[in-house]
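Taken from TrEMBL, the feature disulfide bond covers Cys49-Cys61, Cys56-Cys74, Cys68-Cys83, Cys123-Cys135, Cys130-Cys148, Cys142-Cys157. What TrEMBL records for 1-31 is domain 'Chitin-binding type-2'. Annotation source TrEMBL lists domain 'NodB homology' at 350-544.
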Amino acid sequence: GLQAIRCPPGLYFDIEAQTCNWKDQVNNCNKKNKDRRAKPLLATEEPICQEDYLACGDTTCIPRKQFCDGTEQCADGSDEASCGLYFDIEAQTCNWKDQVNNCNKKNKDRRAKPLLATEEPICQEDYLACGDTTCIPRKQFCDGTEQCADGSDEASCDINNDPNRAPVCNPEICTIPECFCSLDGTAVPGNLDPQKIPQMVTLTFDDAVNVANIELYNEIFNGQRVNPNGCGMKATFFVSHKYTNYSAVQDMHRRGHEIASHSITRITWPVEIPHVFQGSSSVMALSNVLMAQMRLPVVSGFCLHFGMDINNDPNRAPVCNPEICTIPECFCSLDGTAVPGNLDPQKIPQMVTLTFDDAVNVANIELYNEIFNGQRVNPNGCGMKATFFVSHKYTNYSAVQDMHRRGHEIASHSITHTNNETFWSHASIDDWAREMAGSRIIIEKFANITDNSVVGLRAPYLRVGGNNQFTMMEEQAFLYDSTVTAPLTNPPLWPYTLYFRMPHACYGNLQNCPTRSHAVWEMVMNELDMREDPTFDESLPGQF
Ligand SMILES: [Zn+2]
């Protein structure tokens, strides 16, 4: 998922500034660590420190939460030495420097496209045309090897374009028990009514089974937690080899759990943070939560997440009631796609909200001037405006003042923008107030904004802060948040008020969405539909 991304696509991590930036602004891209500091001892066979502590490079133990918190507590600084990620332009994701070997590339190569949809076929049967009109066998398209001279056979391979793509579901051919499919994936085998069948939850755990988690697993599977039919609760353990205690795995299998493969080499992400700690800290929450309150665990690549589910929070927000919730104070709809005023979605123009995050300074002012040069206007002739979610560090407030003067909206994006992403998920109400109301005070004072127009905020790294964030927003009189993202839907979602329940699932494995009523608007971010032009993102330097 996108949740772990530290740098938006196209940006590089500046290890000195500890922030993402344009490549030509980052001149330390070949440095792995600030000042080549000692590494912490995180992945030792036996833990060096007691629970919730981790070892510095010199084996002293400090609290785990002091790692990567922006302050060096280890004498050798090693607690802050393994925190920076780099952007992998090929993989379109952030990774540790030694995993990224294309650090000097700024753009993904633009490859030629195959000629698949020509009016008359160019090639004989079972052959298709490369971008240069040469014909190669159809099965060589999207096979992972470039056979066209221009590489175009591998350049258009998503599920809508791969010439060898799988057929759509055919329930006539595909029958239980050998096969099951449905067009949207939600049909129930045997055509049962989803309302009438019990929810099934698959409990899974990833990575090494060893001293760091065996006790926890014993606690979870202590025989007290049973299925409605009285049978004991079982799980699937996806076991990776390194650090695994196989006699413990044998015991798990003996007790009826399923064992499954999760690789020998344990291609870790991120490599220097041990899975066992990541995993156990999240799973830890489970032991304190009744099974009935447990949310379906989702695998996020390296840890499981359990949180308060909007369907189970006893104080959850009510479902949308359009009788009570009326424009302009309130707007909601059950699935989020209704249009205010009951207008027909087909008949209203598409609205696009343009937003920019982080510091405004010499690194981007010219770009903003270029974008907002007055040439780009709305269909009604009014100039194009944007919202700038401004973080404090490195911000030039006279530039912010100028943006505001020119009609753009200024909003809060925190003071510290701390790169400890989990901080934002679990920050207290006071922390949120310090960061966001504090940021607003600074903006208003330094950029001399006196019209009370700083009313919105966005959490760093798009980490939704749950009920704490939104409680703070009410207390501090923020009007809207723009951190929540929604899965791809057609039509996309409208902004909604969080007095009523969110009209879509909490999107993103690591997100902590609000469950309760808050008098706050959500300017929800809809996922960009890339299917019309899969190459669209190549020219986009940032993420929406
Ligand atoms: Zn940011």
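Note that Cβ sites are derived from N, Cα and C of the backbone, with glycine treated the same way.
TrEMBL: automatically predicted annotations, no manual curation.
Feature map: annotations from TrEMBL on the structure.
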| residue | record | Cβ contacts under 8 Å, 6 or more apart |
| --- | --- | --- |
| Cys49 | disulfide bond | Ala55, Cys61 |
| Cys56 | disulfide bond | Ala38, Pro40, Leu41, Ile62, Cys74, Ala75, Asp76, Ser78, Asp79 |
| Cys130 | disulfide bond | Ala112, Pro114, Leu115, Ile136, Cys148, Ala149, Asp150, Ser152, Asp153 |
| Cys135 | disulfide bond | Ile122, Cys123, Gln124, Tyr127, Leu128, Ala129 |
| Cys142 | disulfide bond | Asp153, Glu154, Ser156, Cys157, Asp162, Pro163, Asn164 |
Packing count at Cys61 (disulfide bond) (other Cβ atoms within 10 Å of its Cβ): 16
Secondary structure at Cys61 (disulfide bond), reduced by DSSP to three states: strand
Cβ atoms near Cys148 (disulfide bond) (within 10 Å, other residues, all chains): 22
Conformational class of Cys135 (disulfide bond) under the three-state DSSP mapping: strand
Around the Cβ of Cys68 (disulfide bond), the count of other Cβ atoms that are within 10 Å: 21
Most crowded position, judged by CB atoms within 10 A, among Cys74, Cys123 as disulfide-bonded residues: Cys74
Local Cβ density at Cys157 (disulfide bond) - other Cβ atoms counted within 10 Å: 18
Mean per-residue pLDDT computed across the domain 'NodB homology' (350-544): 90
